Amino acid sequence: MAAVKTLNPKAEVARAQAALAVNISAARGLQDVLRTNLGPKGTMKMLVSGAGDIKLTKDGNVLLHEMQIQHPTASLIAKVATAQDDITGDGTTSNVLIIGELLKQADLYISEGLHPRIITEGFEAAKEKALQFLEQVKVSKEMDRETLIDVARTSLRTKVHAELADVLTEAVVDSILAIRKKDEPIDLFMVEIMEMKHKSETDTSLIRGLVLDHGARHPDMKKRVENAYILTCNVSLEYEKTEVNSGFFYKSAEEREKLVKAERKFIEDRVKKIIELKKKVCGDSDKGFVVINQKGIDPFSLDALAKEGIVALRRAKRRNMERLTLACGGIALNSFDDLNPDCLGHAGLVYEYTLGEEKFTFIEKCNNPRSVTLLVKGPNKHTLTQIKDAIRDGLRAVKNAIDDGCVVPGAGAVEVALAEALIKYKPSVKGRAQLGVQAFADALLIIPKVLAQNSGFDLQETLVKVQAEHSESGQLVGVDLSTGEPMVAAEMGVWDNYCVKKQLLHSCTVIATNILLVDEIMRAGMSSLKG
């Protein structure tokens, strides 16, 4: 009888074999759900929420976030996989598959009486060897546009259909190349993702500038300005109450008039400064002048600015202030005391676009923009969400490739090569831990197997072909998903991120090891004692 039972008769306990069976069945269950959506030929899942909202996706991360998982072990695996996405942006489905398969392979040996500790020692040895081998097969190369496009395409094709993936690939790579500075880390926040419910998803495009999701607030302001100076500021151009609660007493109407005038004058002086600057830089030329303010602009000020032909946008989002100065140049001002032409940015074209009730302001044709916008278009909400998730992963894939300075061949090529290397390494491991290494090698093959299966080919036949080709040629050979034949992944431009594979080997081994070593599950928390 479990010791915990004597202390708490209501506790639920699962011992040794039962505990392991519970955990392994959870891992298998999760693996079966995600198995079919691995790779570019994977199938979609439809998630229907309690409110009846529909989400169509084959992104493992989105699925694991949205699915309500009751089983504690399964939710542990799901958390590991979503953490993988947070760190590297890819590899969630592979993560779940490999953990499930490691446990499945281990189960075969444990059912024959092998102790889990011995298998986990084998797993550790295999992981160390696999990481060494990964160092050998990684391909260090110049991260030019072609390579980055291959990396992004490999990632994006697993999230959305091929035609859309090709459109997004170019946009994603060009956006990263635009914001990239030498010897500085890439800041993905400098790529704004703006959505428009409009046209079809293949109209998604890269705007080399900014798109703001609001328009000018005055009917007389121009809807299109070419060759414009841009003043970015965070200065209030409306009457604001004083910070302390103060009251003014006046004896006559004249005094009240004076008070109102004094209050207005404060704002009018600021507006005059903008107008003077505009006259100074534009003169009589037809150059435009645009003010983008983070705070409010009241109707009087808008009117004064409109008369001078200045376009003014108020209440711009804070995150866009930094992006504006990076895209157009200039300096964001917090006061107008030292207002001079050096503070101004420049854009070749600023125009307003109205879509139903919504207005968008496009700031384009900037010289050498350091911040860009990906304009996501799609006919409905769930298409937009799907594209946004895909773009985020695509951006991360390109960033990882640049940060790593190297890539590894995809299409299951690395897994096949790793499995073969581990089988060769197996005899040098002492004792029964060899079985753990064998289990690890077999588990890695789940990736090429499932890739082939999802494409409609026989998984054993395809795997045998690929392994034979790998042994003969010595090259890293993956599965060609359109024919089911072996192919040299590097020649076809199928590349995966090195850091994703490295993270996969680490996290899968750690979690599988921990789950195998569980020999007792107790549900004896405070909540289960009530009743």
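Heads up, the Cβ atoms here are built off N, Cα and C, so glycines get one too.
Look at D496 (ATP binding site): DSSP puts it in a strand. Taken from Swiss-Prot, the feature ATP binding site applies to G39, G91, T92, T93, A411, G412, D496, K501.
As annotated by Swiss-Prot, ADP binding site applies to G39, G91, T92, T93, S94, T158, K159, A411, D496. There are 25 other CB atoms within 10 A of the CB of G39 (ATP binding site), with all protein chains counted.
DSSP assigns D90 (Mg(2+) binding site) to coil in the three-state reduction, outside any helix or strand. For D90 (Mg(2+) binding site), applying a Cβ distance below 8 Å and a minimum sequence separation of six or more within one chain yields Q84, S155, D393, R396, A397, N400, D496, N497, V500. Here Swiss-Prot flags D90 as Mg(2+) binding site.
Here K251 (SUMO2 cross-link) comes close to no residue that lies at least six apart in sequence on the same chain with a C-beta under 8 angstroms from its C-beta. The SUMO2 cross-link annotation in Swiss-Prot covers K251.
Summarising the annotation, Swiss-Prot assigns N-acetylalanine to A2.
The N6-acetyllysine annotation in Swiss-Prot covers K5 (among others).
Look at Swiss-Prot and you will find K199 (among others) tagged as N6-acetyllysine. When Cβ atoms from all protein chains are considered, those within 10 Å of K199 (N6-acetyllysine) total 11, not counting its own.
Residues or ranges marked as phosphoserine by Swiss-Prot on the basis of similarity to another entry: S205. For the recorded site, S205 (phosphoserine), the DSSP three-state label reads strand. The Cβ neighbour count for S205 (phosphoserine), using a 10 Å radius and every protein chain shown, is 14.
Taking a C-beta cut-off of under 8 Å and a sequence gap of six or more, K287 (N6-acetyllysine) has these contacts in its own chain: N227, A228, Y229, V281. The N6-acetyllysine feature in Swiss-Prot is assigned to K287 (among others); the stated evidence is a large-scale study or a structure entry.
Marked as N6-acetyllysine by Swiss-Prot: K365 (among others). Counting only residues at least six positions away in the same chain, the Cβ atoms of R208, G209, A347, G348, L349 sit under 8 Å from the Cβ of K365 (N6-acetyllysine).
Per Swiss-Prot, N6-acetyllysine is recorded for K377 (among others). In the three-state DSSP scheme, K377 (N6-acetyllysine) falls into the strand class. A C-beta separation below 8 Å, combined with a sequence spacing of at least six in one chain, links K377 (N6-acetyllysine) to E195, M196, K197, H198, K199, S200, E201, D203, T204, S205, L384.
Under the heading N6-acetyllysine, Swiss-Prot lists K388 (among others). Within the same chain, residues at least 6 positions away in sequence whose Cβ sits under 8 Å from that of K388 (N6-acetyllysine) are I193, E195, V376.
Considering only the binding-site residues G39, G91, T93, G412, K159 (ADP binding site) has G39 as its nearest partner by CA-CA distance. The separation of S94 (ADP binding site) from G412 (ATP binding site), Cα to Cα, is 11 Å. G412 (ATP binding site): 31 other CB atoms within 10 A of its CB, across all protein chains. Looking at K501 (ATP binding site) and S94 (ADP binding site), their Cα atoms lie 9 Å from each other. Within 10 Å of the C-beta of G91 (ATP binding site) there are 26 other C-beta atoms, taking all protein chains into account. Spread of the ATP binding residues is 16 Å (greatest Cα-Cα distance among G39, G91, T92, T93, A411, G412, D496, K501).
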